[in-house]
Amino acid sequence: MATKFRDLLGESLLEVNTDQTSETYRKVPTSELENKVVAIYFSAHWCGPCQNFTPKLADCYMNVQSELHDRFDIVFVSSDNDEKSFEEYFQTMPWKAIPYSDRERAEKLGEKFHVSGIPTLIVLAVNGAILSHDGRNDIANKGVEAIRSWVKNEHKLPASPDEYVWHGIFCNGCKMDPITGQRYVCSTCDEYDLCSACQKKGHDHELTIMEQPLATIGKLVWKGINLNS
């Protein structure tokens, strides 16, 4: 399985050097991911929701290291605007990262997993099958138990349309934050969103239902994914 992850993530990854040498990072071979469940973390220093979620993810990651260090890992894929921001942000993370210089790979990963916003956490099984297309929500709801369930290969069915969580989006009607379920957008009003309950009450302008991101990935949960495509 290491070969597939190498094709997906490159020959080597970066890790913050904790040996207090002159080198900030050290290169580690992607083969270290062999026989591990791997979470791909799309995030950026400039992103407010990312700044809130990263410490929570780090706490969960560190809390399971003693029991799952050889079975679970995370790889950071940066959406930062420059390498300085990447370095500052990555130094707060206890896991691995794709080198910032490999922008083409980062872009292709975002396309492969249909990432439409950040933070996004895609969880892959040892064989490359998708265990969860919404790891962020899993961590928010279950904490460290989410990681344990991934390692046990407990496949997570995609959320139904009524359960989908629109992180970072609130309802301008009832102020539900975040909107859960169907989301409606007004093309006339600036950044105006409504939940399904408020949509039924009506609005002065035409409303459009938003397609839920990662719907395609949700259909692939039970099929796995060809990492070489």
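Each residue, glycine too, has its Cβ placed from N, Cα and C.
Mean pLDDT of the predicted structure over the domain 'Thioredoxin' (1-156): 90. The feature domain 'Thioredoxin' is assigned by TrEMBL to 1-156.
According to TrEMBL, the domain 'ZZ-type' annotation covers 166-215.
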Counting by DSSP, what is the helix, strand and coil composition of the domain 'ZZ-type' (166-215)?
6 helix, 14 strand, 30 coil
